[in-house]
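The block underneath contains the structure these notes are about, expressed in structure tokens.
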Amino acid sequence: MNLTELEEIGLKNVGKVYHNLGYDELIKHEIENKECILTTSGATAVDTGVFTGRSPKDKYIVDRDPSNRYIAWGDVNQKVSEEIFKELLEVAREQLSAKDLYVTDVYSGASVDSKHSIRFVTEIAWQAHFVKNMFIRPTELELKEFKPQFTVLNACKAVNDKWREHGLNSEVFVLFDIENNLSVIGGTWYGGELKKGIFSMMNYWLPLQNKLSMHCSANVGEKGDTALFFGLSGTGKTTLSTDPYRRLIGDDEHGWDDNGVFNFEGGCYAKVINLDGNNEPEIFNAIKSGALLENVVVNDKGEVDYNDGSKTENTRVSYPIEHIKNHETSLSAGHPENIIFLSADAFGILPPVSKLTREQAMYYFLSGYTAKVAGTERGITKPVATFSSCFGEAFLPLHPTVYAKLLGEKIDKHDVHVYLVNTGWTGGAYGVGTRMSIKDTRACINAILDGSIKESEFDTTKTFKLQVPKTLGNINPEILNPRNAWSDKEAFDKTTDMLANMFNENFKKYQVENSEFDYSEAGPKIES
């Protein structure tokens with residue numbers, strides 16, 4: 001590439017530039033740089049250092065007109081001044097100058113009308129490998145004419161020593177200058193920052209063009225029927241959308257415009273903790289040469305122990321979507337027939353599957369509920385409720401109601417059916433009940449996708465007023481209505497009221513006067 005392009009973004013005396021290396025070359029560099037371990041599957045395994053997850057409290061957006069008029073400022077979207085941004089940009093430039101660099105050009109967005117050209121600059125080979133896996137890889141012809149619309153400088157070896165003086169959270173910084181189409185990262189090596197940073201930008205660009213951006217997976221059946229799977233991390237988006245009988249469009253980030261649904265990415269980023277080839281064969285078999293494992297434990301023979309979470313429970317693998325045999329090559333499909341909201345309810349209250357009204361769909365979309373299991377100091381574990389608007393609040397620069405309005409319009413226009421599926425616990429909360437089996441969850445999903453769920457008779461649950469099928473295929477009918485699955489009915493009722501209160505408390509932020517988004521009537525009602 002022309003060095004003047006790097007000089008234009010302030011990088012000086014750059015050494016060798018490894019521009020758009022192929023997989024074999026990247027892996028060779030990773031090995032030579034001692035950045036990775038080669039595993040028996042052919043995949044490379046890397047450690048992301050101190051940070052094995054994103055650093056949301058270190059993410060800032062430059063407070064500048066006109067973008068500051070649209071951004072929902074707060075805990076998710078924190079302000080940083082132009083002066084501090086310029087200072088940290090200089091820190092990153094200094095780190096990357098006089099170094100050998102890896103420059104990778106990719107696209108975000110499979111739609112011709114909505115795709116953005118992105119350039120990543122880093123001094124770490126595996127990070128170039130990661131973005132090559134995760135984003136859409138341009139053709140040779142496209143690369144010849146490539147002009148980046150947005151650039152990411154990853155100076156992960158640099159830190160902000162003046163973070164206290166700047167009034168920031170820590171020495172780590174993940175910064176976005178929307179007007180100058182630039183992102184700067186320092187202090188963290190974690191690959192997910194590269195992926196989710198661009199997702200945040202797509203969530204800014206698209207809705208302003210009246211296109212919906214979504215934190216969801218998507219697949220399409222043989223008859224052309226598209227399904228979307230919304231859910232927070234750990235709810236099963238990747239697992240459940242990776243189906244041998246349906247073509248995978250994508251596992252995490254999508255747009256929805258007048259032509260239909262399209263992937264933002266060209267790869268998958270799957271959790272691999274406790275990965276079992278029998279339960280998830282498509283993902284297991286995707287881990288081969290070209291795949292990049294993060295923070296897994298590898299023995300001296302190069303064998304991976306997927307059950308070992310000693311480095312982190314958030315062990316991951318990125319791989320190009322082509323590693324999934326049954327993927328949709330266009331990365332796009334028509335308008336969805338079904339939308340599925342996934343919640344891993346560790347309280348064991350939500351049904352395995354329920355049919356939502358239009359109002360309930362809006363309520364549960366804005367609530368974005370799941371529950372995680374967190375350890376306490378004494379080693380006791382208990383569920384913790386998590387509410388993340390639109391199932392992805394951490395990545396939404398605009399107010400959640402912007403995305404909700406677009407979703408509601410599209411549900412109405414295309415007559416989409418919406419369901420809530422609990423991939424969490426049944427028969428009791430975490431520690432008492434059991435985790436919903438993948439077999440039963442897949443049976444629920446299959447009944448939605450093949451339409452057989454519509455033939456069921458439905459009951460309405462108390463408190464949450466969710467419509468649940470009385471029978472569904474070979475699933476034990478006792479678990480379909482969650483109260484029936486609990487042996488201790490009094491404990492169920494108490495836990496139900498507790499969870500209902502959490503939902504109601506969370507939704508108060510949308511209950512403002514004259515709000516068109518006050519869907520609280522569709523939420524749970526505690527019965528005296």
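Glycine is no exception: its Cβ is also placed from the backbone N, Cα and C atoms.
When ASP251, ASP252, ASP257 are compared with the Mn(2+) site residues LYS196, HIS215 in Swiss-Prot, the one appearing in that site is ASP252.
Cross-referencing ARG54, ARG483 against the substrate binding annotation in Swiss-Prot, which names TYR190, LYS196, ARG316, picks out ARG54. In this structure the C-alpha atoms belonging to HIS215 (Mn(2+) binding site) and LYS237 (ATP binding site) are separated by 10 Å.
Same-chain residues at least 6 positions away in sequence with a Cβ under 8 Å from that of THR239 (ATP binding site) are, in sequence order, ALA270, GLU280, ILE283, ILE438. DSSP assigns TYR190 (substrate binding site) to coil in the three-state reduction, outside any helix or strand.
Scoring each of the binding-site residues (LYS196, LYS237) by how many neighbouring Cβ atoms lie within 10 Å, the top position goes to LYS237.
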